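All remarks here apply to the structure that follows.
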Amino acid sequence: MESGPPGGSGPAEPGPRLRGLRGADATASASSWSRFGAEAGCRAPAVAAVLPAGGSGERMGVPTPKQFCPILERPLISYTLQALERVSWIRDIVVAVTGENMETMKGIIQRYRHKRISLVEAGVTRHRSIFNGLKALAEDQPNCRLSKPEVVIIHDAVRPFVEEDVLLRVVTAAQEHGCSDYDLEFGTECLHLALKYSHIKAKLVEGSPDLWKVTYKRDLYAAESIIKERISQQVCVVMDTKENEEHVGRCLEEMLKTELNHVKVTSGQDLQQIILEQCYNFVCVNVMTSDFEETQRLLNMLEESNLSILYPVVVISVHFLDYESVPFGQRMEKVMQIREFAKEVKKRNILLSGLLIYFPQEEQKLQESLRQGATIIAALIKDRNSGLIGQLLVA
């Protein structure tokens with residue numbers, strides 16, 4: 001069963017926020033699968049996936065095979081594996097890679113903590129790679145940990161934006177018709193061969209517009225843009241201020257809601273839950289202090305959660321400081337420490353920056369400073385490779 005979209009290779013518009021197999025998503029995945037079995041009037045079939053990943057990426061014109069090209073410093077194939085792992089009812093995922101890239105693939109699995117992944121050696125052609133993957137699933141060896149599936153999804157390693165509902169429709173079609181594909185005219189040739197030699201009644205399933213294939217170098221930039229957009233859809237504002245100081249934090253929060261259109265801005269009362277729901281953007285508000293206690297506490301929680309393994313996490317430490325009451329040297333000595341913090345946490349894929357806002361000041365000037373601050377924060381969140389990351393900025 002082949003997965004690929006109509007038109008084959010074309011960047012799509014950014015879709016909904018990336019989801020992970022946690023909490024509500026895991027429950028929804030299991031629920032949709034149970035519902036599928038109930039609607040079919042039988043038990044749901046055992047499903048596995050095979051990813052042929054032995055290509056050299058000649059059309060991309062780079063020395064690294066495209067499936068290993070980095071997007072936000074993470075290999076493209078890792079995003080595809082995550083998309084399939086998110087689907088709880090896919091029991092096993094077999095990846096076919098060349099012998100020379102076997103160790104690279106093992107390192108990716110270990111570093112990004114992928115689960116349910118098995119590796120086989122790729123063949124000299126894409127079809128041979130698929131065959132090797134199917135053979136690994138079909139062999140009932142005593143020491144083999146793979147279970148023989150009833151349905152196998154064949155999915156390109158360089159299509160990272162596949163969603164569960166598409167996969168579910170493909171499996172359903174395979175159950176009913178024996179084989180399915182997305183596009184006879186523009187898709188891969190696998191379904192043509194199945195029709196010609198297997199004499200099956202195939203089913204054409206329409207794919208989603210974002211299920212496109214990364215083929216050329218420009219597609220890498222498009223994929224990066226989509227991923228940045230998706231992981232910028234929620235911002236958590238963390239505040240631990242006194243009652244008479246809280247209003248500046250709330251004002252900044254409201255400015256962010258204006259600056260970041262269509263982005264959910266939430267306060268961090270239950271920080272653990274927000275981290276669990278996979279928010280990748282945090283604004284830590286510190287009023288009348290140059291200390292980093294609150295920011296450090298947040299950084300510690302993020303490191304313990306391992307949230308930044310898959311995507312870079314942006315943290316902006318905002319300090320509302322009274323420039324007159326605190327000696328300049330003392331103030332700057334503490335706040336400049338942010339650069340050292342930033343270098344350290346960057347190793348763990350956490351992108352830390354600092355922002356200074358003069359406080360207290362006349363209301364109109366304060367509002368202007370808050371607007372400037374919100375603009376800076378929005379830029380840091382949207383462009384995660386910005387040269388501003390790790391810097392101390394002033395609004």
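Backbone N, Cα and C atoms are what each Cβ position is placed from, and that goes for glycine too.
Taken straight from TrEMBL:
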type     : residues : note
COMPBIAS : 1-10     : compositional bias 'Gly residues'
REGION   : 1-24     : region 'Disordered'
DOMAIN   : 233-374  : domain 'D-ribitol-5-phosphate cytidylyltransferase C-terminal'
Helix-strand-coil residue split for the domain 'D-ribitol-5-phosphate cytidylyltransferase C-terminal' (233-374), DSSP-based: 66 helix, 35 strand, 41 coil
Taken over the domain 'D-ribitol-5-phosphate cytidylyltransferase C-terminal' (233-374), the model's mean pLDDT: 82
